[in-house]
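Notes to accompany the following structure.
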Amino acid sequence: MSLPPLTLYLAAPRGFCAGVDRAIKIVEMALEKWGAPVYVRHEIVHNKYVVDGLRAKGAVFVKELDDCPDDRPVIFSAHGVPKAVPAEATRREMVYVDATCPLVSKVHIEAERHHAGGLQMVMIGHAGHPETVGTMGQLPDGEVILVETVADVATITPRDPDKLAFITQTTLSVDDTADIVAALQARFPAIVGPHKEDICYATTNRQGAVKAMAPKADAMLVIGAPNSSNSKRLVEVGRSAGCAYAQLVQRAEDIDWRALEGISSIGITAGASAPEVLVNEVIEAFRTRFDLTVEQVETAQENVEFKVPRVLREPAGA
């Protein structure tokens, strides 16, 4: 029996970004240097496959520093941590490595700079997301006002409307954030913004590729974790760019094949913490059911790389 034809559009860029790549390397190098167990505060990146792989090598994932012994190394996740966390690790004389993405650290520095200049911060982000918690935790309580939607902008009550600056989570929807920024600027004309957009290159590029791919595809799958902010945004971007059926799947076994009956094209992308091995697994699952033609939809090229901290580049005992 011949298989039905299907065009599979593959978004590029997709998958791992430089910050995720660096964070995973940090855990692997820490295990090489210090042996197991190495403790990691929160999931190093939001992807079950990656976390399970590191756990098998000897990484122990915990919620808080209280769950770590004093005498084993601890790594802080790529999302960033409140200032109180490294301060506590230092007090306990722990060996720690900060795997915060450098582009998240840039937002932290920005927040501190504006705070030092007497400005109150408005953060555009998702409540409870580790990155938002970490960024807001760079400043004293009450110094950062969280805004999640355009509607929130109308309800906030800053100390002084003329002394405000805004920052954003790095993994937001580019379009939604632009709407919130416009609302902030309309209500608070004096508000100061970042020199360069806080939403990172990888988030922007992956959303750009989805926008180019979505109108061509009958359906779209985003490979990513349900707790991955940037992956969930890719689903939303796909839907708003004209693809009626856009779904998040962790891996091939999650695909709802009945929902895909009768399609002649599908778009595939992956969130910034999803490894390429899971993309290949999904493509192979389609290959067993369809006569597949794969077309890459490339909208940008990436060559960003971040160095790991010096402590991991030095031999043990150095």
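Cβ coordinates are placed from backbone N, Cα and C, and glycine is handled just like the others.
What Swiss-Prot lists as [4Fe-4S] cluster binding site is C17, C101, C200. Annotation comment: Swiss-Prot describes H46, H79, H129, S228, S229, N230, S273 as dimethylallyl diphosphate binding site. Annotation source Swiss-Prot lists (2E)-4-hydroxy-3-methylbut-2-enyl diphosphate binding site at H46, H79, H129, T170, S228, S229, N230, S273, citing sequence analysis. If you look up Swiss-Prot, you'll see H46, H79, H129, S228, S229, N230, S273 marked as isopentenyl diphosphate binding site. What Swiss-Prot lists as active site, proton donor is E131, and the listing cites sequence analysis.
A separation of roughly 9 Å, to the nearest angstrom, links the Cα atoms of T170 ((2E)-4-hydroxy-3-methylbut-2-enyl diphosphate binding site) and H79 (dimethylallyl diphosphate binding site). The CA atom of H79 (dimethylallyl diphosphate binding site) is located 7 Å away from the CA atom of C101 ([4Fe-4S] cluster binding site). Between S273 (dimethylallyl diphosphate binding site) and C17 ([4Fe-4S] cluster binding site), the C-alpha separation comes to 7 Å. Looking at E131 (active site, proton donor) and S229 (dimethylallyl diphosphate binding site), their Cα atoms lie 10 Å from each other.
Taking the Cα of C200 ([4Fe-4S] cluster binding site) as the reference point, the closest of the binding-site residues H46, H129, S228, S229, N230 is N230.
In sequence order, A18, G19, V20, A78, P102, L103, V104, T170, T171, Y201, A202, T203, A272 are the residues of the same chain, not among C17, C101, C200, whose CB sits within 8 A of the CB centroid for the [4Fe-4S] cluster site. Close to the recorded dimethylallyl diphosphate site, the chain also has V45, P130, E131, T171, A225, N227, S231, G271, A272: residues not among H46, H79, H129, S228, S229, N230, S273 whose Cβ is within 8 Å of the site's Cβ mean position. Among the listed binding-site residues, namely T170, S228, S229, N230, S273, the Cβ with the most fellow Cβ atoms inside 10 Å is that of S273. Pairwise Cα distances among H46, H79, H129, S228, S229, N230, S273, the recorded dimethylallyl diphosphate-binding residues, top out at 15 Å.
For the pair formed by C101 ([4Fe-4S] cluster binding site) and S228 (dimethylallyl diphosphate binding site), distance between Cα atoms is given as 15 Å, rounded to the nearest Å. Separation of the C-alpha atoms of C17 ([4Fe-4S] cluster binding site) and H129 (dimethylallyl diphosphate binding site): 19 Å, rounded to the nearest whole number.
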